[in-house]
Amino acid sequence: MAGKKVLIVYAHQEPRSFNGSLKRVAVEELNRQGCAVTVSDLYAMDFEPRATRKDIAGVLCNPDFFRYGVEAYEACKKRSLTSDIIDEQKKVQEADLVIFQTCRGCMKTRFVHFPLYWFSVPAILKGWMDRVLCQGFAFDVPGFYDSGFLKDKLALLSLTTGGMAEMYTKTGVSGDFRYFLWPLQHGTLHFCGFKILAPQISFAPEIASEEERKEMVASWAQRLKTIWKEEPILCTPPWYFGQ
């Protein structure tokens, strides 16, 4: 939709990967719609994932006993976080939709928007979340979940798995895929107020045929054509774990 702004947070080392293909088709389709698309390519940026006292550009509140959460909160209020954090926060603040592109699996996998490592995100993306979505910017107490500071924005996880679809069911060896989305979608993104769109999951592209991989990419592009008409999921425990 013309005029909409989209941030793609992309965490994959190889531009020619399946992950890279999903990113490219997203940029192409959203640009075609007239959206303004920004990509934070974390590996290309050499983004620092570690949350340390170096993130505080000003004077520490307590230089004798460092507490990252406290110092980052105070620095956020004073606009004295380091420039790389402030730059990413500005991108988030301007976006109507944030797409996290990765891949996930029960082992380290090589594909998709942000590769899912050990049922979680790669360290570089975890570090982005830790440093960018800090208290004072994304949430406060009170001021979280439905009252989070990013409550007017949409978020979407686009990911791949190392295992096949049947592994990610209630009776599968890995359990229902919704189980592992709980800490990411609910405990991180919705905690900050994001309204969550249903995830885009491409199952086991590494062992799929070339034709099947093309279909996965085409499915993602097709979904993006109507992404602005989608309703967010009901972000409550029953969506993830059932009644």
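Cβ from N, Cα, C; glycine included.
According to TrEMBL:
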DOMAIN    4-102  domain 'Flavodoxin-like fold'
DOMAIN    112-224  domain 'Flavodoxin-like fold'
DSSP residue counts for the domain 'Flavodoxin-like fold' (4-102), split into helix, strand and coil: 41 helix, 20 strand, 38 coil
Secondary structure content, the domain 'Flavodoxin-like fold' (112-224) (per DSSP, counts of residues): 51 helix, 19 strand, 43 coil
Integer mean pLDDT for the domain 'Flavodoxin-like fold' (4-102): 96
